[in-house]
Amino acid sequence: MKVGIDKLHFATSHLYVDMAELATARQEEPDKYLIGIGQSRMAVIPPSQDTVTLAANAAAPMLTAADIEAIDLLIVGTESGIDNSKASAIYVARLLGLNRRVRTIEMKEACYAATAGLQLAQDHVRAHPDKKALVIGSDIARYGLNTPGEPTQGGGAVAMLVSADPQVLALGTESCVLSEDVMDFWRPLYHTTALVDGKYSSNIYIDYFQDVFKGYLQKTGMQPEDLAALVFHLPYTKMGLKALRSALPLVDDAQQASWLAHFEHARQLNRQVGNLYTGSLYLSLLSQLLTDDKLKAGDRLGLFSYGSGAEGEFFTGELQPDYQAGLDVGLPQRLARRQRVSVSEYEKLFNGQLAWRADDQTIDVADDPHRFVLTGQQDEQRQYLDREA
Ligand code: COA
């Protein structure tokens, strides 16, 4: 039985900052951000969006009434959640109008958690093929203004519907995982921005990729050439390129050229959004599938998921005949239509998020066009609005 990703959708904000403009404001060469980091635009998440609204905005457009009826598992992977106790998945389930008999949990392991969710969802559907699982990676990447990590911020959510006979990608049952206690990136409870040893984390990422990629090939007997393309977690798109380059010595010149050409498609949309932590690998998958017309049904893709701290996993999936039908086909146009904000507007929005305080707060949602918005906090409870309710 084939099980895997049946539908794949994405949501971010309607605002972005231009990376060349940000570089100039930070007294850096624009090419450092555009080429050295590999980012052109960075999503600016306004105070009216949080990981709950981003998740609901990603999933709602792709779900039919039949999907909603069949979903009995909702997993939200996030490392920028809004509560230390209650799962964001509970809010998301309510906003999406899911069945009350749904199991709802939030998972955390830095940028890796959505992959853990996807694998658990796969096992769940294999055990209950008439059911569907919804897995969402939703995050706002915040390193802080004027920090080295600033050009690798961004945010958004990717929603994946997991089912039997999936339209998009049939997942393999084998994978190779590595997890060890590494202090490359973390966020103590009292911090709103991440602590990171940037260079160290980039090196660990490559080490993990090498370990689980080679471990996967050894375990399955698969050859590197069996993989039409490699898709990476992209905290910034140069990171994936570095990992890909580290794999090139394993294949001949023609395969190297092919992987490099496919990678340009895999990073196209991430280049316009920036980091979204848990959803980043899956935005790259969407980018690959939406923009790369050299791929065809039956092609096997290799996926590398990485979460600092650290955990990595390499797994593969086979493209299905109707894969375009399950994708968020309007996404490239939506990203192109976003509104540019200046660096000072971005800084104001960055600092304007709901404060971690107990008092009632109101957020102006007038300029936010999304269906689900955060309107503020009352009696220490976040207030969400569904504009279609
Ligand atoms: N033109 C082209 N490239 C340029 C350039 C220019 N004018 N100026 C600098 N660069 C290149 C550098 O050579 C470097 O490339 P390399 O990594 O291939 O050597 C790149 O731009 C970044 O420059 P660097 O000086 O290393 O940047 P930095 O010290 O400001 O930090 C990060 C970069 C990624 C470490 C930092 O943004 C960060 O900490 N990010 C968050 C951590 C992260 O995302 N980790 C990934 C694992 S999850």
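If you go along the chain as it appears here, the first residue is 1 and each next one adds 1.
Including glycine, each Cβ sits where the backbone N, Cα and C put it.
Counting every protein chain shown, 26 other Cβ atoms lie within 10 Å of the Cβ of Glu79 (active site, proton donor/acceptor). For Glu79 (among others), the entry in TrEMBL reads active site, proton donor/acceptor.
The active site, acyl-thioester intermediate annotation in TrEMBL covers Cys111. In the three-state DSSP classification, Cys111 (active site, acyl-thioester intermediate) falls within a strand.
Feature annotation from TrEMBL assigns active site, proton donor/acceptor to His233 (among others). The secondary structure of His233 (active site, proton donor/acceptor), as reduced to three states from DSSP, is coil rather than helix or strand. Annotation for His233 (active site, proton donor/acceptor): same-chain Cβ neighbours under 8 Å, separated by at least 6 residues, are Cys111, Tyr112, Tyr205, Met239, Gly240, Ser280, Leu281, Ser284, Phe304, Ser305, Tyr306, Gly307.
Taking the Cβ of Asn275 ((3S)-3-hydroxy-3-methylglutaryl-CoA binding site) as reference, residues of its chain lying under 8 Å away and at least six apart in sequence are, in sequence order, Ala141, Thr152, Gln153, Gly154, Gly155, Leu234, Pro235, Tyr236. As annotated by TrEMBL, (3S)-3-hydroxy-3-methylglutaryl-CoA binding site applies to Tyr143, Lys242, Asn275.
Annotation source TrEMBL lists domain 'Hydroxymethylglutaryl-coenzyme A synthase N-terminal' at 2-165.
A mean pLDDT of 98 is what the model gives for the domain 'Hydroxymethylglutaryl-coenzyme A synthase C-terminal' (259-349). TrEMBL lists 259-349 with the feature domain 'Hydroxymethylglutaryl-coenzyme A synthase C-terminal'.
Across the fold, the C-alpha of Tyr143 ((3S)-3-hydroxy-3-methylglutaryl-CoA binding site) and the C-alpha of Glu79 (active site, proton donor/acceptor) stand 13 Å from each other. In the domain 'Hydroxymethylglutaryl-coenzyme A synthase C-terminal' (259-349), the DSSP tally of helix, strand and coil residues is 44 helix, 20 strand, 27 coil. The Cβ of Lys242 ((3S)-3-hydroxy-3-methylglutaryl-CoA binding site) lies under 8 Å from the Cβ of Ser202, Ile206, each on the same chain and at least six residues away in sequence.
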